[in-house]
Amino acid sequence: MNRVILYCRPGFEKECAAEITEKATQHDAYGFARVKENSGYVVFECYQHEDAERLVKTLPFHELIFARQMFVSGELLRDLPPEDRITPIVGMLSGAIERAGELRVEVPDTNESKELMKFCRKFTVPLRAALREHKILLGYEKADRPVLHVLFIAPGCCYVGYSYSNNNSPFYMGIPRLKFPSDAPSRSTLKLEEAFHVFIPADEWDERLGSGMYAVDLGACPGGWTYQLVKRSMMVYAVDNGPMAPSLMETGQVMHHQADGFRFEPPRNNVYWLVCDMVEKPAKVTSLMSDWLIKGWCREAIFNLKLPMKKRYEEVSHNLAVLQERLSENGINAEVHAKHLYHDREEITVHVRRFWSAVPGRRDER
């Protein structure tokens, strides 16, 4: 198995390919990316067979911005016989992996693949039984074992392989299944909810998304992101010249400041969260977020960077490098992660967690 398969949003295959090529080189793995426009996936073919396995094991998945999922695979299985599609798949996995903990039969996230999805659901049951019979898959789901992936890109054509449960997306097709809350002011609320799922471990939600925290939402109108904070019983400073949804104001948890998000300063020094989804140039938003973190005005931040039409990966890389550099220059110890979320379009979402205070010698409380 010498291929790494990566899922992405259709239309972002070039960015995904550029990223995996760069990251692989940094891990001394060399190869080339096969890209088909609007296909929703990228195939990175390694020159050395063992490099693909090594990449999916050691290249931190959370460092990849444009990939929704990543697994090691062999060559494309073509023209699977309708009377027996299972045997070639079992043959591909035999000797490559054993005692996996989960099976996912998936398709790319495209309109063309919707019909294939129906087949995948039906096919999963007999395939799971066969893989268990051959000891490739355990008789029960086990979260700490590898995950088997079968990606159908067309009827009778699939990539077959596996990922490691500690270095992949835990979601089917790499997409969190979130339901739009009927009382939310806008669909943008799903961006922040997905960001919480992607960036913050579930067992830390009570600590880092807890009741009674103070948060600031810059560019809040009409309140899609504020809604997520209010739902978690936070007190929110919503900053926007536009109107907020009356339903949010009625909670008593929202203080609406009709002001410019680039000029607003927090009225208290115990703000934990800063969130921002303003339609502005990425460099301008990056600079603003850096200022807040350096001044110690927040401890964690989630914000969106709108992408240009061309050189999107280069623009993202540049802004993240500038952010890291500014934090480092000011002695701020922080984790920075970015992801092109399912609910993002021409934008990426960035999460920053600051560990050290802007005040010298004082460590932030967790």
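Heads up, the Cβ atoms here are built off N, Cα and C, so glycines get one too.
Quantities reported herein were computed from a predicted structural model and do not represent experimental measurements.
Taken from Swiss-Prot, the feature S-adenosyl-L-methionine binding site covers Ser188, Cys221, Pro222, Gly223, Gly224, Asp240, Asp260, Asp277. Taking a C-beta cut-off of under 8 angstroms and a sequence separation of 6 or more, Gly223 (S-adenosyl-L-methionine binding site) has the following same-chain neighbours: Pro185, Ser186, Asp217, Ala238, Met244, Ala245, Leu248, Val254.
As annotated by Swiss-Prot, active site, proton acceptor applies to Lys306. Lys306 (active site, proton acceptor) falls within a strand segment according to DSSP. Listed in sequence order, Val279, Glu280, Lys281, Pro282, Val285, Glu346, Glu347 are the same-chain residues at least 6 apart in sequence whose CB falls under 8 Å from the CB of Lys306 (active site, proton acceptor).
The Cβ of Asp277 (S-adenosyl-L-methionine binding site) lies under 8 Å from the Cβ of Ser188, Lys191, Leu192, Gly219, Gly224, Trp225, Phe303, Asn304, each on the same chain and at least six residues away in sequence. Its Cβ placed at the centre, Asp240 (S-adenosyl-L-methionine binding site) has 22 other Cβ atoms within 10 Å. Less than 8 angstroms from the CB of Cys221 (S-adenosyl-L-methionine binding site) sit Ala238, Asp240, Asn241, Gly242, Pro243, Met244, each of them six or more residues away in the same chain. The secondary structure of Ser188 (S-adenosyl-L-methionine binding site), as reduced to three states from DSSP, is coil rather than helix or strand.
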